[in-house]
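Data block below; observations after.
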């Protein structure tokens, strides 16, 4: 791309020297409420306090011009090959009206806002905010995104960790996600093997994945890959998807590696809710003393506010997500087998994902069994029992409540502080019903609470889309600034007719000064990002306006009024 083509796209007017002190017509400013000259008429702070869309609206005519139109409408009349004339401040300007007319699609006349390209998203009205809404991403979402990017880029010093290989199969840049146990032979309480977890980068797609290594495991039969292929097909918003399983000797021994999606910043449900030893101590002491809250069953407010228990709405939120994951797994003919607080991840504020799926099916595969799927119905019943234990632990806010000797006291605590629906759900999951249970049977117990969670998910989606709308045009404006920066200030190519600061390139230089070198009435720099964004949006959208450009070098070296070039963008 040559520089003249870009300049022609941005500006299609010949520079002329108007009379000094020529005024700008009303409404010709590129910045709503501010003067386009070198000295804005108002304070920048006052302009920033105004809504970005409350300024003047620019009339964009269609194919048919209206009678009695403005000067800009008349200038864009019927297409003609002859150049059109316009007198501005005593200076006559010539331009081709047909070229300007052809830039617009044949749409009816419309009023477009003269401010920012995007209006303030309606989601700003969902909840009151202390600060005024802005057109930039919320600080909470920005910090959360930056934190995740920071975790994705985390690396280790290979000198301090010589036991971690640089590459494992098609994955590199391994980073441990769990602390090193004090006992190197410490076995996982869930799987019964020594395990370790790493963040890694795939050499195939450059995406981050989580590697779960099973130490010292030697696979003797590949028939277990039947379950792996079935797990790969499951995609659910509350399940950490299994991507690949392979064996390796990169760690100096036979190891089995499970590759799952990596969710930076996630923590287990155990660490998030049950990491405080005081919770178990209080529960033990309360159960031993036989203390109970003398309140009516199902009381919504009351002791739960002061006993450190979780809100019932949060527990139902977890129930909906976990039951939805189990429903998908059971419908696929599989069993979860890892419904445990140590294997459930929580991201954000209340988003749950079941982790480590598919590992048990490979580790416990029996090569002597003729039908590997025969035990799946039994494992599915164990999933529902494990779900009941998780819900009971959340209701008691302590994992001690799921122990057999404290089960009665735990149910009394649930009866005193939560609704009867939650109590019936726990009883259904924990007791033997005399017939096979199904995850679909708990849907009537959830009832209308499902719609509450659905509404919350949709509102969250609206907020994310609104935040995306604020930042979606950043790349386009950045590319436009890059093009302008590449062309401007090329003193080494002054003798080249395509790059010298003459003709169209000189107009680009003046426009650069108009964007970034505005000054106030006292001569101080005027720093207003809204002015820059607004001007770039109008240039990119070919908005037809008359603007006055100043030579900033001439203004700094002379006390006389600067020459101004009126042109059409």
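Backbone N, Cα and C atoms are what each Cβ position is placed from, and that goes for glycine too.
Annotated in TrEMBL:
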BINDING   261, 262, 263, 264, 265, 266, 267, 268, 342, 343  ATP binding site
COILED    448-486  coiled coil
COMPBIAS  18-46  compositional bias 'Low complexity'
COMPBIAS  62-75  compositional bias 'Polar residues'
REGION    18-81  region 'Disordered'
REGION    487-569  region 'Knob domain'
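Annotated features, which come from TrEMBL, shown on the structure.
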{"residue": "261", "record": "ATP binding site", "DSSP class": "strand"}
{"residue": "267", "record": "ATP binding site", "DSSP class": "strand"}
{"residue": "342", "record": "ATP binding site", "DSSP class": "helix"}
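In this record, ATP is bound by 261, 262, 263, 264, 265, 266, 267, 268, 342, 343; the longest C-alpha to C-alpha distance in that set is 17 Å. The Cβ neighbour count for residue 342 (ATP binding site), using a 10 Å radius over every protein chain in view, is 16. Counted within 10 Å of its Cβ, the other Cβ atoms near residue 267 (ATP binding site) come to 13, all protein chains included. Taking Cβ-Cβ distances under 8 Å and a sequence gap of 6 or more within the same chain, the neighbours of residue 263 (ATP binding site) are 210, 240, 345, 347, 353.
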